[in-house]
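K.L.:
Dropping the structure in here first, questions after.
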Amino acid sequence: MIDPFKRFARPGLFLFDAETAHGLSIAGLKTSLMPKCHLPDDPRLAQTVAGLHFPNPLGMAAGYDKNAEVPDELLGLGFGFAEVGTLTPKPQGGNPKPRIFRLVRDEAVINRLGFNNQGHEAAFARLSARASRPGVVGINIGANKDAEDRIADYVTGIRRFYPLASYFTANISSPNTPGLRDLQAKDSLGHLLDAVLAARADEAAKAGRRVPVFLKIAPDLTEEGMDDIAEVVLARDLDGLIVSNTTLSRDGLTDTRQAGEAGGLSGKPLFEKSTAVLARMRHRVGSALPIIGVGGVSSAQTALEKIKAGADLVQLYSCMVYEGPGLPAAIVKGLSQALDRDGIASIAQLRDSRVDYWRALKV
């Protein structure tokens, strides 16, 4: 069967540079020309994680809808949830262009965007306008590059968006903001989480509603770094981890033409590394803490492997660049078919079934 995206749309989009093509895809979703996906509800895929109901475990990762322009349109493609951002208090342009590069043979992307976004106020207006609509929409928050107090920027994000967020993600793992990953260090992370969770507690008391907070970490951590993060997280009232952000590694690439570009690598080559780190973090934090697995998800099979490695939920972004807007629905259908095939009553039963394999994998 001919895939119309791969046959017609992708060649046209790939005539443009990656950032322009991304803008065109956002514009396409806004026009409502994209047909909505009408997936039948499969209660075996539904879960309650961190107090939130997810109709299926597949989400759109942060980075696609940076300015909260199309969260509902993304849900309409079949995603069980969508995450917008990363949002910083003040608008910022990010790093100089070009700053996104396709590695077509590897179905990968390198980006050094640098938290380019329109700032809190523009996103707040858009999210306020959709506040009465259903669906889980998370808000990924970060710090301005020139912030004197980066922790204060995260606190500002919690306070500003508290009435509108299904959940928050504190993004401290982008490699494209100088010094940001230093917040993953043990003492710095403790200070950050104490401030963020105190702001959450304050806002929850006012609103009468507790919004979950996740922490997004890098795949390039040492074993000691993973130990430190687990220790800090388990000592606090954090709701979960997102594993992982993009990698600085270029291991295993076949498309070397642009592999030397600075920035974070995402897409299929990230799958093994990010899944191994996911399993190692699951082993460290135990069974109770929710984890969202991200990195190289391109099919129902890779989504299932994330779950078997310890993820409650999974996210994707880069692989949709190559597979098109039909990918989320295809994955969700594939998950249902896998449960049919194996006689599984709930996808949650598969979680952790291959943690030992993945955490032992040399990557």
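Backbone N, Cα and C atoms are what each Cβ position is placed from, and that goes for glycine too.
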K.L.:
Which residue of K66, K206, K306, K308 does Swiss-Prot report at the same substrate site as N111, R112, L113, G114, F115, N171, N176, N245, T246?
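P.N.:
Within the candidate list, Swiss-Prot flags K66.
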K.L.:
Starting from the FMN binding annotation in Swiss-Prot that includes A62, G63, Y64, D65, K66, T86, N171, K216, S244, G267, G296, Y317, S318, which of N116, N140 is the extra site residue?
P.N.:
N140
K.L.:
For G267 (FMN binding site) and R112 (substrate binding site), determine the Cα separation and express it in whole Å.
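P.N.:
Checking the Cα atoms of G267 (FMN binding site) and R112 (substrate binding site) gives a distance of 15 Å.
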K.L.:
So around the substrate site, K66, N111, R112, L113, G114, F115, N171, N176, N245, T246 aside, which residues have their CB within 8 A of the centroid of those CB atoms?
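P.N.:
Neighbours found: G63, T86, G94, N116, S174, P175, T177, G263, G264.
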K.L.:
Tell me which of the recorded positions A62, Y64, K66, S174, Y317 ends up closest to R112 (substrate binding site) in space, Cα to Cα.
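P.N.:
For R112 (substrate binding site), the spatially nearest of the recorded positions is S174.
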K.L.:
Does K216 (FMN binding site) have same-chain partners at least 6 apart in sequence with Cβ under 8 Å from its own Cβ, and which are they?
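P.N.:
Listed in sequence order, they are A62, N140, T169, A170, N171, I172, S173, L241, I242, V243, S244, N245.
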K.L.:
Report, as a single number, how many Cβ atoms besides its own are within 10 Å of the Cβ of G114 (substrate binding site).
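P.N.:
Excluding its own Cβ, the number within 10 Å is 20.
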K.L.:
Want to know which recorded positions, from Y64, K66, S174, Y317, are within 10 Å of G114 (substrate binding site) at Cα; which are they?
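P.N.:
For G114 (substrate binding site), the recorded positions whose Cα atoms are within 10 Å come to S174.
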K.L.:
From the Cα of Y64 (FMN binding site) across to the Cα of S174 (active site, nucleophile), what is the distance in angstrom?
P.N.:
14
